[in-house]
Amino acid sequence: MKSLHFARALWFGILGALFFAFTFIFNRSMNLAGGSWMWSASLRYLFSLPMMAVLVWQKGELKGVLSAIARAPWTWLLWSTVGFGLFYAPLSMASIYGESWFVAATWQITILAGLLLTPLFGQKIPGKQLGMTLLILLGIVLIQIPYFGRGLGEGVVRASILILIAAFSYPLGNRKMLVHCKEEQLSTTQRVFGMTLMSVPFWLLLSVFAGLDAGLPSGGQMLQSLIVAVFSGVIATMLFFEATNLVKHNHQQLAVVEATQAGEVLFTLFGGCLFLGDQIPTPLGFLGVFIVIVGIVGNSLMTSSE
């Protein structure tokens, strides 16, 4: 039975990585089609909100999270804006400057960002994991070197700065809210819904700028944003939560399941090259992608041994 649970968890984790990959592929697709990155970012969360509301309502958890928000609205507003707004808006903008697989691989620097933030939460930076995350950083550098050789260095620098902002904002905002929600005894679903709801002012403001800059979004962009909201915001999230829940009492198996997130880099690479005509990585780029994946898997396995 335990091996069956592990097999199911592994399968759910891989499927979750597949659906997460659609975020990078469709963001790149919308940019190539001339869509505004601001619409791509804001529509993803605005479409996710009613779907998350239904999930929370079905679990009978809606009243609890709304009451928690009412008790500390400014805390929710601040860290939801950081964790979701300052994460996804820069990540969407970064897709202007590079292939979908480039953004997906570079985004993995958030693992290093998360480790560097641990002292803010009263913990020490784990040395073993830091070594693996530095390996990820090496892989990202190798991925970027060929871009400089092709005279695309300026775009790489811009994309890297944007992804760096996203990489620190995501764990910072989410961990701040994780601590707050633990005190409130809220579930993960309630936290995600609450943060989505309280990031809406940011997305509405971004939508205004998008409308002034690019006009209304096309039907194609709205459809692709809806697909991202369903695939990444709902399906991938629920699959990953279920995968980790199935093996939550076995740290070794949990680490392996968490390592399936490395699959999103591979799925994005194949999907971007196949459907968007993304340029295939150079041999040095492939080496970088491989090192990033090794670093992600190694980081998860190191976590289980500490």
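The backbone N, Cα and C atoms fix where each Cβ goes, glycine too.
It should be emphasised that the depicted structure is a prediction, and the values quoted were computed from it without experimental measurement.
The transmembrane segment annotation in TrEMBL covers 9-26, 38-57, 69-89, 101-118, 130-149, 155-172, 192-210, 222-241, 253-277, 283-302.
Most Cβ pairs under 8 Å with the transmembrane segment (253-277) belong to 9-26, among the candidate stretches 9-26, 130-149, 155-172, 222-241, 283-302.
Comparison of 38-57, 130-149, 283-302 by number of C-beta pairs under 8 angstroms to the transmembrane segment (222-241) places 38-57 first. Between the transmembrane segment (101-118) and the transmembrane segment (283-302) there are 3 or more Cβ pairs closer than 8 Å, counting only residues 6 or more apart in sequence, so the two stretches are in contact.
Here the transmembrane segment (283-302) does not touch the transmembrane segment (38-57). Their Cβ atoms form fewer than 3 pairs under 8 Å, with each pair 6 or more residues apart.
The transmembrane segment (130-149) makes no contact with the transmembrane segment (69-89), as judged by fewer than three Cβ pairs under 8 Å among residues 6 or more apart in sequence.
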